[in-house]
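**Student:** From TrEMBL, here are the annotated features:
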DOMAIN    59-188  domain 'TFIID subunit TAF5 NTD2'
REGION    239-282  region 'Disordered'
COMPBIAS  260-270  compositional bias 'Basic and acidic residues'
REPEAT    392-426  repeat 'WD'
REPEAT    434-465  repeat 'WD'
REPEAT    476-517  repeat 'WD'
REPEAT    518-559  repeat 'WD'
REPEAT    561-593  repeat 'WD'
Amino acid sequence: MGEKSTPLLAVLQLLKKYNLKGTEEILRKEANLGDTEFQNLDLPEVEIANILSVHHTESDPFTYEHAYDCLKKFIENSLDICKYELSTLLYPVFVHMYLSLILYDHNEHAAKFLERFGQEQEDYYQDDLQQLSIVKAKEQIKGNELAEIYSTNKFDVQLSRDSSSQLKRFLHEQKSSPVIINIINNHILIDIHDGPGRTQAQVKATAGGILGEASRNENRAKVYYGLLKEPYIEVLATPPEDEEEVEETPDKPKKKKAKKDNVFMKKPKVDPNAPPTDRIPLPELKETDKIEKGKALREASKRVQLGPETLPSICFYTLLNSGHTALCADICDDSSLLAVGFNTSTIKVWTLTSVRLRGMKSVDKLQDIDKEAGDVLVRMMEEKDRDTCRTLFGHSGPVYKVAFDPFKTLLLSCSEDSTIRLWSLQCWTCVVVYRGHVWPVWDVRWSPHGHYFASASHDRTARLWATDHHQPLRFFSGHLSDVDCVQFHPNSNYVATGSSDRTVRLWDCLTGTQLRLMTGHKRPILTLSFSVCGRWLASGGGGGEVVIWDLSSGAPAAHLPPHHTAPVTALAFSRDGALLASGSLDCTIKLWDFALITDESANDENIASSSPAKEEKILLRSFATKNSPLKNLHFTRRNLLLAVGSYEGSS
């Protein structure tokens, strides 16, 4: 029967009291109530009167405006230490009052209520209110995405104990008009925290989610954000091959490798936050992969240390005649290949070095090759047929994301056709088509260790896949709107997602559970990037904002000064973790002093409260492109910044 204190059950008992058996029986049949359940019904008369009077009050359209006015005046007259926290109640109460008026068929009153109080709500809620204003009758509530979200979920509001007691006192005084009391009881979750009330800046830093702030219980689980101990010794134990490939004197590479060995081997030993090495089964490295890692370490030994005084050089690749057709781009880890996805369903792969792209030999020629030979992969490739660009066909809709695997042998792509495709970069064909999402797939990313990849879709889910499985290994379900972007943690144990519901979430690949819910963005989140150390997560939003999150607590560590004037579409950390680069549709690249940001967050906890002078120090440099919005940013192993954008003609 659910709770006994409902208008329906109160009416039934009233009918029984006045012996109106026919009406009572019809109502019972319609409500599907059995005899035994009804016999146990015994509400006190005072409660019946109260329930029915409340129902009568709620159905009176004039009480809503008066009640909302009272709540506003109460908040305005509250002490500053409570005012800003209590003001977060205004939006959810306003929304549920509007929906209640629609439910009681007071459509004209609802329209007037929306017109009068809608403009007073925060800027970042105006788009939501625009979507809610479409609901003009109660039949339309079911088809409206936002109305359904608000009807079936509770809005989270965090209050201090002082703010909570003030609110209770106000509600006690409003007993004659119980509209607000019922909305708070049924649709708002008040999360009480210890300590003083929060300031306006602190409230604003975490506000903005469709369902308010993240509750404190959401972010209590432990996150192993440290880096895994990599098998560097095995990788470095192949000097003869390295020496043959790099025609240098034999002493120099050995010296450099020995130095890097010491540097890299120290990190895992002192990282207490790393997960157990066997927590997630990771693939064993093949010989070719080990050689590739050896090259990476040699390149890293020549890396430039970046900082405020030593900014990186930037190499910008401009895609011409593709202003509105090129949708995404990616550069492989060793910076030798560039892939671009187009709205014509095609993918193009270019070589960025003098080494051209080779195709595979024909079937007749492949039969003559000795399969046991050590260089069988080299012999399989055509010697004469070499191109600077290859085109991949297969998708039947716009390609929204392309991603190279860590070892440059495979390419992933996702499309509006709701499929993910795996392409071989040796035979230049599609190897596997992964079907599972039923709506367009917006993003796909490889695990830093290969083998696993994650996808994000319009169906409000993200999924974890393995290259050798046709079906997803894990479903990450919980977002209230499109999952727009996804990113793997450097230790491959976690996946972060950003959504149009204005939240960033962190998921555990082992269990599939949500470990962090991070609120603070005021627009949809379009791109994510983990710091080199694994503790920090940077997210770029549709309003040009960049937020840095601390994974240890799930709290925003810093809101970067709002210098971008259009959505942020690309973020990249330098290989030493000292700088953060952001690229936007406003055709600019900005370099931020990440070391200073994390220092500030340790001291002040919120960079938004720091002085303008400090904010200027955080932004190191801004670079403008020639009317070319950014598609991708990538730091090479030596810390050169590569950027990709498509020229959109003279403005």
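We count from 1, first residue shown onward.
Cβ coordinates come from backbone N, Cα and C, glycine included.
Those TrEMBL annotations? Automatic predictions, nothing curated.
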**Student:** Apart from its near flanks, which chain residues at least 6 from the ends of the repeat 'WD' (561-593) lie with a Cβ under 8 angstroms of it?
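**Tutor:** Here the qualifying positions are 300, 303, 305-308, 311-312, 314, 523, 526-533, 538-546, 615, 617-639, 641, 643, 645.
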**Student:** As a test of reading the model: what is the averaged pLDDT for the domain 'TFIID subunit TAF5 NTD2' (59-188)?
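**Tutor:** The predicted confidence over the domain 'TFIID subunit TAF5 NTD2' (59-188), as a mean pLDDT, is 88.
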**Student:** Please report, as numbers and ranges, the same-chain residues at least 6 past the borders of the repeat 'WD' (434-465) whose CB is under 8 Å from any CB of it.
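**Tutor:** Sequence-distant neighbours of the repeat 'WD' (434-465): 282-283, 289, 397, 400-401, 403-407, 412-422, 471-477, 479-488, 490-492, 495, 497, 499, 507, 509, 512.
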**Student:** Would you mind splitting the repeat 'WD' (561-593) into helix, strand and coil residue counts from DSSP?
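**Tutor:** Split into helix, strand and coil, the repeat 'WD' (561-593) gives 0 helix, 18 strand, 15 coil.
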**Student:** Which numbers of helix, strand and coil residues does DSSP report for the repeat 'WD' (434-465)?
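**Tutor:** Looking at the repeat 'WD' (434-465) with DSSP, the answer is 0 helix, 19 strand, 13 coil.
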